[in-house]
Amino acid sequence: MQAVTAAAAAGQLLTDTRRGPRCRARLGTTRLSWTGRFAVEAFAGQCQSSATTVMHKFSAISQAARPRRNTKRQCSDDYPALQAGCSEVNWDQNGSNANRLEEIRGDVLKKLRSFYEFCRPHTIFGTIIGITSVSLLPMKSIDDFTVTVLRGYLEALTAALCMNIYVVGLNQLYDIQIDKINKPGLPLASGEFSVATGVFLVLAFLIMSFSIGIRSGSAPLMCALIVSFLLGSAYSIEAPFLRWKRHALLAASCILFVRAILVQLAFFAHMQQHVLKRPLAATKSLVFATLFMCCFSAVIALFKDIPDVDGDRDFGIQSLSVRLGPQRVYQLCISILLTAYGAATLVGASSTNLFQKIITVSGHGLLALTLWQRAQHFEVENQARVTSFYMFIWKLFYAEYFLIPFVQ
């Protein structure tokens with residue numbers, strides 16, 4: 001734009017420059033008079049005015065054509081108000097971008113936290129620890145820990161986790177109204193996730209679980225996934241002959257069969273038979289794990305309904321806590337766990353290996369003592385303490401899987 005303006009001004013300059021000789025020619029050829037429009041003084045004044053105009057235009061052209069250096073400094077010296085305005089605009093734009101990025105970051109973190117709650121992390125941790133512990137039982141020496149074994153373990157774990165998310169997600173989809181009373185912080189009950197989002201997540205993880213199982217080619221793993229799918233669906237889906245969670249015995253049976261029997265037997269067989277290519281044979285630790293986890297899974301199935309008694313009663317869920325009352329169910333759960341720990345201590349004492357005997361006896365004794373002390377401060381009317389105690393039972397569940405490999 002400056003180049004075009006300079007060219008136009010240069011053309012005008014040439015035109016005005018040519019007017020100088022015309023003025024002189026007219027001065028020599030025109031008859032002069034001392035009065036009137038063509039007086040010498042007036043004519044000379046016009047020529048002088050034209051010359052002055054030419055000089056000003058030439059100066060303007062030179063200024064426009066001259067390259068600007070240190071534009072920032074010139075803007076600062078000549079136009080301080082303009083530079084202040086530019087700085088303010090830049091600051092506003094940077095601040096707006098930073099705020100927008102912070103909002104996006106906050107939204108992403110919020111969605112991740114909601115997804116974390118959607119997965120029911122205490123069940124995820126239980127699945128990870130349980131499958132890891134059971135997968136170690138067939139190992140006889142350090143030579144068994146190979147890349148093939150690691151791949152087989154990861155296939156089983158990933159497929160099981162995807163199925164776990166399907167089961168807990170499906171339960172939340174059918175329990176939205178109940179969870180608004182019992183667990184209002186869950187993403188579907190709170191409205192953080194829409195029903196469409198929940199359906200998408202449930203179907204996606206179901207497909208991933210079966211895809212991994214089929215790709216592995218493991219019959220025990222596929223058996224575990226299919227049974228988990230069937231029982232998890234029957235537990236939650238509202239349909240004739242389904243929605244087994246309405247009935248205390250059927251609900252407890254679903255949880256007990258999956259957590260106590262299926263996890264131990266199916267994943268042990270997967271590692272022993274499919275991965276290590278050894279004949280399937282039960283071990284002392286496998287039998288102990290199955291029997292002990294039957295007791296523990298029954299406790300989890302019964303105790304989980306104590307915090308939910310209000311919502312279950314309102315929606316016709318006939319859990320044992322609704323029928324017998326939370327206090328009686330709580331006392332039953334504590335009795336079952338203490339009995340199981342006593343039996344585990346006797347099993348550990350029968351071990352021929354001194355180190356394993358010390359670990360199993362002292363470990364189960366310490367867990368039983370911790371449970372008894374914690375039970376002294378339990379208040380069934382205090383919702384916060386009931387929920388906290390339920391999560392404490394899950395921690396005992398995790399701890400037991402660390403002791404199971406030492407039972408030989």
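Note: Cβ is positioned from N, Cα and C throughout, glycine not excepted.
Taken verbatim from Swiss-Prot:
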type	residues	note
TRANSIT	1-62	transit peptide
TRANSMEM	122-142	transmembrane segment
TRANSMEM	156-176	transmembrane segment
TRANSMEM	194-214	transmembrane segment
TRANSMEM	221-241	transmembrane segment
TRANSMEM	248-268	transmembrane segment
TRANSMEM	286-306	transmembrane segment
TRANSMEM	329-349	transmembrane segment
TRANSMEM	352-372	transmembrane segment
TRANSMEM	386-406	transmembrane segment
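Same-chain residues lying 6 or more positions outside the transmembrane segment (329-349) and placing a CB less than 8 Å from one of its CB atoms are 288, 292, 295-296, 298-299, 302-303, 305-306, 320-321, 356-357, 359-361, 363-365, 367-368, 371-372, 375, 378, 380, 393, 396, 403, 406-407. Among 156-176, 194-214, 352-372, 386-406, 386-406 has the largest number of CB pairs under 8 A with the transmembrane segment (122-142). As a quick check, the transmembrane segment (286-306) and the transmembrane segment (386-406) clear the bar of 3 or more Cβ pairs under 8 A, pairs 6 or more apart, so the two touch. Stretch with the largest number of CB pairs closer than 8 A to the transmembrane segment (221-241), among 194-214, 248-268, 352-372, 386-406: 248-268. Residues 126-127, 130-131, 134-135, 137-138, 156, 160, 220-221, 223-224, 227-228, 231-232, 234-235, 286, 289-290, 293-294, 296-298, 300-302, 305, 318-320, 323 of the same chain lie 6 or more positions beyond the ends of the transmembrane segment (248-268) yet place their CB under 8 Å from a CB of it. Within the same chain, residues 118-120, 123-124, 127-128, 131-132, 135, 186-189, 195, 198-199, 201-202, 205-206, 208-210, 212-213, 216, 218, 221, 224-225, 228-229, 232-233, 235-238, 243, 245, 263, 267, 270-271 sit at least 6 positions outside the transmembrane segment (156-176) and bring their C-beta atoms closer than 8 Å to a C-beta of that stretch.
Sequence-distant neighbours of the transmembrane segment (352-372) (same chain, 6+ residues past either end, Cβ-Cβ under 8 Å): 334, 337-338, 341-342, 344-345, 396, 399-400, 402-403, 406-408.
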